[in-house]
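The next block holds one structure in the form of structure tokens; read it before the comments.
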Amino acid sequence: MNPNQKTITIGSVSLTIATVCFLMQIAILATTVTLHFKQHECDSPASNQVMPCEPIIIERNITEIVYLNNTTIEKEICPEVVEYRNWSKPQCQITGFAPFSKDNSIRLSAGGDIWVTREPYVSCDPGKCYQFALGQGTTLDNKHSNGTIHDRIPHRTLLMNELGVPFHLGTKQVCVAWSSSSCHDGKAWLHVCVTGDDRNATASFIYDGRLVDSIGSWSQNILRTQESECVCINGTCTVVMTDGSASGRADTRILFIKEGKIVHISPLSGSAQHIEECSCYPRYPDVRCICRDNWKGSNRPVIDINMEDYSIDSSYVCSGLVGDTPRNDDSSSNSNCRDPNNERGNPGVKGWAFDNGDDVWMGRTINKESRSGYETFKVIGGWSTPNSKSQVNRQVIVDNNNWSGYSGIFSVEGKSCINRCFYVELIRGRPQETRVWWTSNSIVVFCGTSGTYGTGSWPDGANINFMPI
């Protein structure tokens with residue numbers, strides 16, 4: 001091969017190699033661009049579709065490093081879009097209740113700065129549970145705690161902490177309120193906060209940390225709400241509110257709220273005669289509430305809320321073992337499912353129950369005269385059969401030698417079912433314990449279990465003689 005041929009051959013080989021390298025670089029570049037922009041293909045609508053102008057909440061944004069031919073490519077995983085809760089799973093089948101949480105607020109107040117509270121409740125977002133209470137604008141070891149037996153003062157605020165964390169000085173004050181309800185729709189918290197003059201109070205609706213709507217008193221007689229969690233289904237939340245006499249005819253309305261904005265108000269209908277302090281739970285696709293009749297009945301009213309057409313029905317729990325306090329002895333108490341039993345209806349106490357097929361699970365004070373002790377049990381046929389009294393699976397939560405108080409329900413969504421849980425308010429101080437001038441509480445919390453369980457009693461536990469006066 002002469003020199004010219006060698007030169008041509010070497011040049012041809014070099015050109016071929018250069019061309020191959022150039023094509024490889026183009027391929028690598030194309031791969032990089034494709035992977036980088038792949039994220040924009042996630043759930044993208046067709047070109048002829050209109051994208052709704054709604055906010056997207058990014059829950060997490062993860063970056064993965066992928067190595068390809070010594071070239072580093074950053075691939076971003078598609079963000080998850082947070083959805084509204086719909087509570088469509090079935091209710092968990094349980095055998096009873098197991099201990100879940102206890103905050104020991106009063107015992108801790110003997111040596112620390114803990115808020116004076118009452119009207120506690122529990123509610124959960126999709127990942128975590130929180131405890132709420134109405135603070136009195138003071139800690140217990142503080143002269144301002146004198147006279148905190150009073151319910152409605154302008155200094156009361158709604159407090160919010162992770163469940164199990166007592167209300168210390170660093171606790172968030174969510175809103176101004178002497179009556180409240182809170183719930184999470186899957187995207188953000190809704191707080192319903194009532195405060196102001198007894199004859200002209202205001203309910204503020206706070207969503208995602210912002211005031212969105214409000215409503216004034218409609219009967220000029222202590223506008224009030226649940227003192228436990230509201231319920232949201234597919235982005236619409238519902239809360240029961242009453243304005244009017246606490247021991248006579250009152251005006252109860254059911255409000256429907258979308259991202260903090262009132263979208264509909266329905267009047268109470270059905271056979272319930274008086275409604276206070278409802279304990280509500282999701283019963284997909286609707287919501288059910290068990291309330292307090294402070295006028296005519298020691299059997300508890302039931303409100304069924306249709307979340308689609310906003311219709312309302314009401315009745316009473318069928319169980320002849322009634323849930324309110326005061327009440328008749330079990331042997332003489334009655335309920336016909338439709339009407340108040342006209343047995344010691346006033347004053348009453350906030351409580352809860354929930355249906356389980358034809359049966360009903362319920363909780364109540366052990367003492368039929370006052371707010372002491374606490375028990376739970378199931379009544380066979382208690383949801384469907386008038387005056388049913390067959391009791392099973394009874395548990396003592398607080399023995400009858402210790403004070404209890406309000407109680408209410410909250411729901412927790414598991415992997416396969418929705419569990420029902422409840423809290424008990426453990427009131428200390430006045431009016432029962434007159435050595436001190438304050439009134440406050442701690443809480444104990446139980447949740448449904450399909451397992452076995454033991455026995456015990458979980459009272460507040462503070463020695464009143466150790467407490468500040």
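In case you wondered, yes, glycine gets a Cβ from its N, Cα and C as well.
Per Swiss-Prot, the features are as follows:
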TRANSMEM  7-29  transmembrane segment
TOPO_DOM  30-469  topological domain 'Virion surface'
REGION    36-88  region 'Hypervariable stalk region'
REGION    91-469  region 'Head of neuraminidase'
DISULFID  Cys92-Cys417  disulfide bond
BINDING   Arg118, Arg152, Glu276, Glu277, Arg292, Arg371  substrate binding site
DISULFID  Cys124-Cys129  disulfide bond
ACT_SITE  Asp151  active site, proton donor/acceptor
DISULFID  Cys183-Cys230  disulfide bond
DISULFID  Cys232-Cys237  disulfide bond
DISULFID  Cys278-Cys291  disulfide bond
DISULFID  Cys280-Cys289  disulfide bond
BINDING   Asp293, Gly297, Asp324  Ca(2+) binding site
DISULFID  Cys318-Cys337  disulfide bond
ACT_SITE  Tyr406  active site, nucleophile
DISULFID  Cys421-Cys447  disulfide bond
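Close to the recorded Ca(2+) site, the chain also has His274, Arg292, Asn294, Trp295, Lys296, Ser298, Asn299, Arg300, Pro301, Tyr316, Val322, Pro340, Asn341, Gly345, Gly348: residues not among Asp293, Gly297, Asp324 whose Cβ is within 8 Å of the site's Cβ mean position. Taking all protein chains in view, 15 other C-beta atoms sit within 10 angstroms of the C-beta of Cys417 (disulfide bond). Counting neighbouring Cβ atoms within 10 Å of each of the disulfide-bonded residues (Cys289, Cys318, Cys447), the lowest count belongs to Cys447. Cβ packing within 10 Å was compared across the disulfide-bonded residues Cys230, Cys237, and the lowest neighbour count falls to Cys230. Within 10 Å of Cys237 (disulfide bond), counting C-alpha to C-alpha distances, fall the following of the recorded positions Cys92, Asp151, Cys183, Glu276, Cys318, Tyr406: Cys183. Nearest in space to Cys291 (disulfide bond), taking C-alpha to C-alpha distance over the recorded positions Asp151, Arg152, Glu276, Asp324, is Glu276. Of all the recorded positions given, namely Cys92, Glu276, Glu277, those whose Cα is no farther than the 10 Å limit from the Cα of Asp293 (Ca(2+) binding site) are Glu276, Glu277. The sparsest Cβ neighbourhood within 10 Å, among the listed disulfide-bonded residues (Cys124, Cys278, Cys421), is found at Cys124.
Cα distances from Glu276 (substrate binding site) to the recorded positions Asp151, Cys318, Asp324 are smallest for Asp324. Cβ-based neighbour count (10 Å, all protein chains) for Arg152 (substrate binding site) stands at 17.
If you take the C-beta of Arg118 (substrate binding site) and look for same-chain residues 6 or more apart in sequence within under 8 angstroms, you find Ala133, Leu134, Gln136, Thr148, Asp151, Gly405, Glu425, Ile427, Thr439, Ser440, Asn441. Comparing the binding-site residues Arg292, Arg371 by how many other C-beta atoms lie within 10 angstroms of each C-beta, the top residue is Arg292. Cα spacing between Arg292 (substrate binding site) and Cys337 (disulfide bond): 15 Å, rounded to the nearest whole number.
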